[in-house]
Amino acid sequence: MTRPVRTRFAPSPTGFIHLGNIRSALYPWAFARKMKGTFVLRIEDTDVERSSQEAVDAILEGMQWLGLDFDEGPIYQMQRMDRYREVLAQMLEKGLAYPCYMSAEELDALRERQREAGLKPRYDGTWRPEPGKVLPEPPAGVKPVLRFRNPLTGTVVWDDAVKGRVEISNEELDDLVIARPDGTPIYNFCVVVDDMDMGITHVIRGDDHVNNTPRQINILNALGGEPPVYAHLPTVLNEQGEKMSKRHGAMSVMAYRDAGFLPEAVVNYLARLGWSHGDAEIFSREQFVEWFDLEHLGKSPAQYDHSKLSWLNAHYIKEADNARLAELAKPFLDALGIDDAAIATGPALDAVVGLMKDRATTVKEIAEGATMFYRVPAPEADALAQHVTDAVRPALADLVAALKAADWTKEAVSAALKATLAAHKLKMPQLAMPVRLLVAGTTHTPSIDAVLVLFGRDVVVSRIEAALA
């Protein structure tokens with residue numbers, strides 16, 4: 001194919017967008033970027049009753065968060081109705097489409113008779129004009145649907161980039177309804193006109209659309225358009241092995257942001273959820289674009305693995321800039337009752353984040369761990385009784401004296417701890433646990449020397465001395 005590459009993401013704004021949906025944006029985006037082509041966003045909003053601006057906003061927000069920038073759009077199908085009607089009129093004029101007056105009740109009865117006879121239920125062409133055929137008299141007051149005059153013979157063939165060569169006999173296809181009685185065009189028709197007008201060269205979409213493809217190819221051929229390359233992606237399954245969907249508990253794309261995931265981790269994970277580049281598990285957005293091709297798209301359903309995504313997110317958190325993580329942590333801290341004023345009273349948030357991030361799988365976990373630096377500790381009485389015993393109090397007093405005299409560095413604090421342990425013949429947990437409780441209010445912290453340095457000498461000394469008083 002010598003045409004400049006043009007791909008598209010064409011969601012229907014009828015609900016929230018989950019990872020399985022957004023993967024159908026990621027791959028065409030990556031292919032367009034790889035081929036120096038154009039990525040088009042088209043909003044297929046012809047289902048007026050179910051479409052909503054809220055769903056459109058969710059699509060745009062999710063794409064923006066993941067960095068899936070589009071070159072053209074968003075293009076709304078509802079704003080192209082005049083164009084669809086123009087093409088419908090041309091098809092009627094050329095005999096490519098015809099009015100059909102068969103009612104829904106008549107069609108249901110026909111299909112029931114066909115099922116009883118062991119035949120495939122389908123429209124039988126009652127109103128299809130043929131040479132020498134006498135059509136029924138149109139019923140008074142009935143508005144017809146418009147049907148596409150599908151070829152009666154031959155085969156629809158395409159080389160799917162995922163499924164390989166696909167052949168469908170035209171005998172399997174009936175004459176598709178392309179416009180409702182009120183003149184509103186049907187999805188399969190609008191898609192063809194859009195892809196043709198927009199010069200789409202590659203359609204990368206879920207394989208739930210594969211049954212539409214032969215019908216769309218036939219309409220496209222009838223209109224004189226050039227069929228694109230199709231790549232039908234296998235389904236994304238949830239952790240229970242069911243198709244990923246809202247009904248089966250799928251999270252929206254933005255719910256991952258709100259849970260503390262980084263967009264680069266989600267993009268990396270999604271890229272591997274149906275495509276591979278050798279054994280590479282971790283790669284940048286730039287590497288993904290450089291490596292992406294249609295030949296290595298998976299042919300089997302991909303199963304979502306939350307633990308794998310969490311592992312990737314932990315990796316990207318460790319690699320992330322502390323200042324960036326600090327800004328991302330602020331909304332989570334605010335939700336935990338730690339506002340900017342509280343943060344200003346404690347150690348620099350960048351430094352706190354730098355300490356906490358090596359143990360975290362999400363930004364939310366970083367924020368939860370960081371709260372100890374911005375709250376007055378309130379250790380539980382049982383924990384105090386267990387760890388701050390009469391036997392350890394002399395060691396705590398000596399540690400305070402050593403910390404008052406030490407340089408306030410991680411190395412000096414570590415040396416003071418070790419000297420106190422040796423002098424009192426204690427093991428690290430016997431001293432570190434009560435110190436953590438008294439200073440931080442919890443026994444679960446990163447390395448004790450690093451934590452104490454961040455709290456600052458005055459806070460550490462005053463809190464331990466208050467417990468010994």
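Including glycine, each Cβ sits where the backbone N, Cα and C put it.
Segment annotation: Swiss-Prot labels motif ''HIGH' region' over residues 11-21 (candidates 11-21, 297-307, 440-450). Given the ranges 123-127, 243-247, 283-287, the record in Swiss-Prot names 243-247 as motif ''KMSKS' region'. For the motif ''HIGH' region' (11-21), the residues of the chain that approach it from at least six positions outside its boundaries are 43-45, 47, 50-53, 55-56, 58-59, 62, 206, 235-236, 243-246, 250-253, 256, 266, 270, 273, 304, judged by C-beta separation under 8 angstroms.
Taking H, G and I as helix, E and B as strand and the rest as coil, DSSP gives the motif ''KMSKS' region' (243-247) the counts 0 helix, 1 strand, 4 coil. As a whole-number mean, the pLDDT of the motif ''KMSKS' region' (243-247) in this prediction is 84.
Its Cβ placed at the centre, Lys246 (ATP binding site) has 13 other Cβ atoms within 10 Å.
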